[in-house]
Amino acid sequence: MPQLGLLPGRAWTVLLGLLRPPPGALCIRAVRSHSQVAEALIASQLKPHQEKSNFTIKTPKGTRDLSPQQMVVREKILDVVVSCFKRHGAKGLDTPAFELKEILTEKYGEDSGLIYDLKDQGGELLSLRYDLTVPFARYLAMNKVKKMKRYHVGKVWRRESPTIVQGRYREFYQCDFDIAGQFDPMIPDAECLKIMCEILSGLHLGDFLIKVSDRRILDGIFAVCGVPESKFHAICSSVDKLDKISWKDVRHEMVVKKGLAPEVADRIGDYVQCHGGISLVEQMFQDPRLSQNKQALEGLGDLKLLFEYLTLFGVAEKVSFDLSLARGLDYYTGVIYEAVLLQTPVHAEEEPLNMGSVAAGGRYDGLVGMFDPRGHKVPCVGLSIGVERIFSIVEQRIKTFGEKIRTTETQVFVATPQKNFLQERLKLIAELWDAGIKAELMYKNNPKLLPQLHYCENMGIPLVVIIGEQELKEGVIKLRSVASREEVAIKRENLVAEIQKRLSES
């Protein structure tokens, strides 16, 4: 046990208070001896530290911190995405991180079990948002908005087993673009696919393919193959797994777990393993069974029109009609699509990552009506960019090639080679800040010049302004290029203009 002499002053005060008998009481009533009280006090002080030693400091499962370097990468990705959304005329929107539980219930099919429910904290049952689409539909219905083109960047939460290597987390960002309103068929849908192509090309991720199908075609296939209507959603969720598991495993799930007749599953297999372009659409029109289904014909007609518009947009070669695409979420009603990278590595040195889809979306014409008291529908179509998966690909590329990332955007560093120049540096940096120039200085009264210059080289700061006795006397400031190490003397009153000129040229 530590000696009493090592106790801090405040602890001695507490100890003496414990030892002092209450007024009128006999000392013999003191239950503990001096040493017992001291031991108890010391033990109480040490206990928290002992408990902390067993505490594991970590982020919750399926989440992560982002370092300054990672934040730079993420912001560049988001800049490409949001710039594209704005280029297409979208307005920004945000909604709460959590919604009333009933808003989210029964909107996601089998995935509804992945919704995070919150503890009742005031009479409302709440859940963290699962995606940005359902909150958008709720917003439209609540505010009686009939027409809107919006983008939304925000976090969503899913209680699934995370696969970090594939860019899957329990907390992650989504970047959504949606067009709400009654318009002529397939024009907004084609624009969404054009946006996908622009973003994926702009991020330089390598070659990609956008798979397209239509829920009406899928439902038509299920109907003509003999699937009971009550099992449409369940079978759709099974088909949706074809990008992850084989047809044999999907068939097994349909028959054994979902009670579908084997011959019905086989008929479905004949369709959902087909993929191609506009020629496949034409072929499906001629299918003797499918051509008898009104829903399927409507879907095929819209897909034919969609391919015409995609050809005019110059992106048809990036799109494939793929009947294995199902998009298991319950709210899709028409065209659905999903973008996959065909070859993740751009360079031979990179290892391929199995990332799954990097963007997806579709038409959901009935979702807004679910929230409207009178059931008024607002047709909607949209897309979501898989930022986390894209981030994992870019991060791996940076790691492979050892790229150096600037974590600040500082343009100018204010330095001095001499003592007692803090006031002059502060006046100078305030002048730069007021002119909108990103500037830094070292938080020391009398820093040495060499560490200041080394800091600029390490941080990638392009310019240094240096002020000392000689410069102050002559009314000039030295302007130094960090890369070339060349220095020129600039009149104090011309400094801001000269810096701005150099920055605009770089």
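Glycine is treated like the rest: Cβ placed from N, Cα and C.
Those TrEMBL annotations? Automatic predictions, nothing curated.
According to TrEMBL, the protein carries these features:
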{"type": "SIGNAL", "residues": "1-27", "note": "signal peptide"}
{"type": "DOMAIN", "residues": "62-417", "note": "domain 'Aminoacyl-transfer RNA synthetases class-II family profile'"}
{"type": "BINDING", "residues": "Asp131, Leu132, Thr133, Arg158, Gln174, Asp178, Arg327, Tyr331, Tyr332", "note": "L-histidine binding site"}
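Among the binding-site residues Thr133, Gln174, the residue whose Cβ has the fewest other Cβ atoms within 10 Å is Gln174.
In the shown protein chains, 20 other C-beta atoms lie within 10 A of the C-beta of Asp131 (L-histidine binding site).
All protein chains shown were included, and the count of other CB atoms within 10 Å of the CB of Tyr332 (L-histidine binding site) stands at 26. Less than 8 angstroms from the CB of Arg327 (L-histidine binding site) sit Arg215, Asp240, Ile336, Glu338, Ala360, Gly362, each of them six or more residues away in the same chain.
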